[in-house]
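Q: Following this message is one structure expressed as structure tokens.
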Amino acid sequence: MAGELVSFGIKKLWDLLSQECEQFQGVEDQVTGLKRDLNLLSSFLKDADAKKHTTAVVRNVVEEIKEIVYDAEDIIETYLLKEKLWKTSGIKMRIRRHACIISDRRRNALDVGGIRTRISDVIRDMQSFGVQQAIVDGGYMQPQGDRQREMRQTFSKDYESDFVGLEVNVKKLVGYLVDEENVQVVSITGMGGLGKTTLARQVFNHEDVKHQFDRLAWVCVSQEFTRKNVWQMILQNLTSREKKDEILQMEEAELHDKLFQLLETSKSLIVFDDIWKDEDWDLIKPIFPPNKGWKVLLTSQNESVAVRGDIKYLNFKPECLAIEDSWTLFQRIAFPKKDASESKVDEEMEDMGKQMLKHCGGLPLAIKVLGGLLAAKYTMHDWERLSVNIGSDIVGRTSSNNSSIYHVLSMSFEELPSYLKHCFLYLAHFPEDHKINVEKLSYCWAAEGISTAEDYHNGETIQDVGQSYLEELVRRNMIIWERDATASRFGTCHLHDMMREVCLFKAKEENFLQIAVKSVGVTSSSTGNSQSPCRSRRLVYQCPTTLHVERDINNPKLRSLVVLWHDLWVENWKLLGTSFTRLKLLRVLDLFYVDFEGMKLPFGIGNLIHLRYLSLQDAKVSHLPSSLGNLMLLIYLNLDVDTEFIFVPDVFMRMHELRYLKLPLHMHKKTRLSLRNLVKLETLVYFSTWHSSSKDLCGMTRLMTLAIRLTRVTSTETLSASISGLRNLEYLYIVGTHSKKMREEGIVLDFIHLKHLLLDLYMPRQQHFPSRLTFVKLSECGLEEDPMPILEKLLHLKGVILLKGSYCGRRMVCSGGGFPQLKKLEIVGLNKWEEWLVEEGSMPLLETLSILDCEELKEIPDGLRFIYSLELVMLGTRWKKKFSVGGEDYYKVQHIPSVEFIGGYLK
């Protein structure tokens, strides 16, 4: 795997050399030679990765190659950036720079020559020490694919004694196969170790299934399978054993015809255990005739397997075991001799066992591993010792042990393409149960070069590509994600505890990053010891109190420095010694919640010319230097600092690559910013018409998210004209003046892709809303006409929030058939609203309703009785008596699981 990750780095370096070839005047020969050397390195690495080598010699060589590639990329990119800075500088700087050109090119030639020498040395070492032979032979007596397949077959046979908590799932699956004529392919999907094979085997051996089907076949699909081999196994299963030799002699065409005819004339069930890729199923399925008596049950970690082209398809996702079932399974393994006649488990030992079970998250295979670890441990001392180190013990089990969860879960990782391996390893940055912001994650991946220019097709954005990567990891059941019902994109994601242990283990194995927790010098055991020099080029601090950059960070080759902070109720952490003179190669710098020394971002920040990602979210800083303008490679810049009226210098003219810009919410009145060159922006937050011209927005045609503060110097008519060409907008937030002196026509919102809309400004006659909206929030709009007749016709709308001053009328009507997709409705602070009519058939999918601080509203509508989807209603305390049990209006809400009041709960 290490070789594959390094190959990915070599490809990035090759692309850089190829794309910028015209910039290497005076060093062409050295660069051409470097490209040849990279090709040679790639050939070694391909052989290494193909054999999945594990020898220490090869690992050391690969690690050295990785360092060479990093150093080469730093040298080449530094040279190119200095050339670019010189060409975009003023006259005086260009004259001064001209005298240094020859010297710089000579130095660059020497640096590239040094890299080539190191490459030659490492290749010579590989040959002289026999490393190449070690790579070719691999040192394995048995291919890994065969070992994995044997493991799965062994596991699939050992299911009965550990069958716990799956009875309901078996019943459902048997029903799909036996009773449901409209279902022909059933897939059981979920993360490794969930018990998919155990479940499939129970279904396969069920009496109802045996009675329903004439023929049964079980095929364990290896990752390196051939179609011919799979078809042979199916035919052998479906026919007599005597024909085995005859079947082995058949070619693919004959196998296809035999199977097609057999499946056309019989009722057969075929189980495919552990299909990994969509393409695998596509290769297998031509043997199945359409609409006949056959059925297929398959297991996979990939949800998308078998979806394409199969109309009669059903995906079944079993849940992890509940705590009671987890404990039952654990007891069977950890205390195999215990039965009803024997004494109960020691109470203290039971408490400790249940605490350790939390690490398993209900994952059956993880529970088995834990039980196996503890089965031979009889004393409390043994259990306490394992309890402390349970994470590392689980992950550190050898892959030769068939009961090892690490082996099963790591298969998911090993199967990933190289770019997704990087994406997954990057998640090791985040602490346990941390909700990872998916938008920020996408930009971090891009800043690290994990997603590159070639990934962006047909106008795709960084967020599009990041989401596609994330969706692939979700399909492979390697991460868990959450998003609001009204959102069209991912909100946050996180790792299951067990998968996070795998992630940390792999990150340590690859020296991917180093983690320091709470204070300098205390480091997570999963990534090494921070008291020794930081070897990794990525460093993350979790909840530091103080960090001295020059003293505490000892790796001048660091590429990523990220600070994560959880407790925002304490004082900001202190950052000292921030000249950044030793960290000039940083690509990612996230200083969340920092308190700068003297509250000034140092001028030296401008020396970090490699920076792609800079975040000062919630930082205590009162001064931003003009040297920020040197950061021409920035794609992500967050200046949403925790300081009012900060002066922001006009530094954006050369930031042509910027995709995300979040400005301070409150800037000094003298701040004037020219943003017209930021034509690649995808997200712009806190744009103010006081500090910038609305005309700057005209060229930002890639914008998907725009948040504007509209001041009196710009009319709504001018703003509408400036944003009319932003055809890709999905999220639009406009906060403006509430003065009634402003024009009252409203905003022209002709955006066909707009999904989220927030309007906080006076526009009493707004009559039009985009048809694809999924969420709308209105405040201080002063609408004179009931907004419901317009909003309820928006077929995709899932969330509506009406806040204080959004509507000034007295009556609202929700018509039957209106709001067909609405799930959330919140109405707060409408002080003139008196009457609300909800007709039967309105809001049929509504789940959450909030009516607060609407003091003139005379009654809650009778129509709530007909909304059976409601799960939660929130009301002010003045309604409590009427809607309590026995109250005169209780009948309106008696079908709703939860009705909450300010200061109390009804149910």
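The backbone N, Cα and C atoms fix where each Cβ goes, and this holds for glycine too.
From a predicted model like this one, the values you see are computed outputs, not experimental measurements.
Okay, these came from Swiss-Prot:
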type	residues	note
DOMAIN	144-456	domain 'NB-ARC'
BINDING	GLY190, MET191, GLY192, GLY193, LEU194, GLY195, LYS196, THR197	ATP binding site
REPEAT	608-631	repeat 'LRR 1'
REPEAT	843-868	repeat 'LRR 2'
Q: Say we define neighbours as other CB atoms within 10 Å of the CB. Which of the binding-site residues GLY190, GLY192 has the fewest?
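A: Fewest other Cβ atoms within 10 Å, among the binding-site residues GLY190, GLY192, is found for GLY190.
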Q: Summarise the repeat 'LRR 2' (843-868) as counts of helix, strand and coil residues per DSSP.
A: 5 helix, 5 strand, 16 coil
Q: On the 0 to 100 scale, where does the mean pLDDT of the domain 'NB-ARC' (144-456) fall?
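A: That region's mean pLDDT is 79.
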Q: Who are the chain neighbours of the repeat 'LRR 1' (608-631) in space, where the CB to CB distance is under 8 Å and they lie at least 6 residues beyond its ends?
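A: Same-chain residues near the repeat 'LRR 1' (608-631) but 6 or more away: 74, 77-78, 81-82, 85, 440, 443-444, 446-448, 559, 568, 572, 580, 583-596, 599-602, 637-643, 646-649, 651-655, 657, 662.
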Q: Same chain only, please: residues at least 6 beyond the ends of the repeat 'LRR 2' (843-868) with a C-beta under 8 Å from a C-beta of the stretch. Say none if there are none.
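A: Sequence-distant neighbours of the repeat 'LRR 2' (843-868): 485, 804, 810, 814, 818-837, 874-876, 878-879, 882-883, 889, 891-893, 895-896, 902.
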Q: Give me the long-range Cβ neighbours of LYS196 (ATP binding site): same chain, 6+ apart, Cβ under 8 Å, in sequence order.
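A: Looking at Cβ-Cβ distances below 8 Å from LYS196 (ATP binding site), excluding near sequence neighbours, one finds ILE188, THR189, GLY190, ASP274, THR299, SER300, PRO318.
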Q: Excluding near sequence neighbours, so keeping only residues 6 or more apart in the same chain, what lies with its CB under 8 A of GLY195 (ATP binding site)?
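A: Sequence-distant Cβ neighbours: LEU166, PRO318, PRO364, LEU365.
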Q: By the DSSP assignment reduced to helix, strand and coil, which category contains LYS196 (ATP binding site)?
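A: Assignment for LYS196 (ATP binding site) reads helix.
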Q: Where DSSP helix means H, G or I and strand means E or B, what are the helix, strand and coil counts for the repeat 'LRR 1' (608-631)?
A: 5 helix, 5 strand, 14 coil
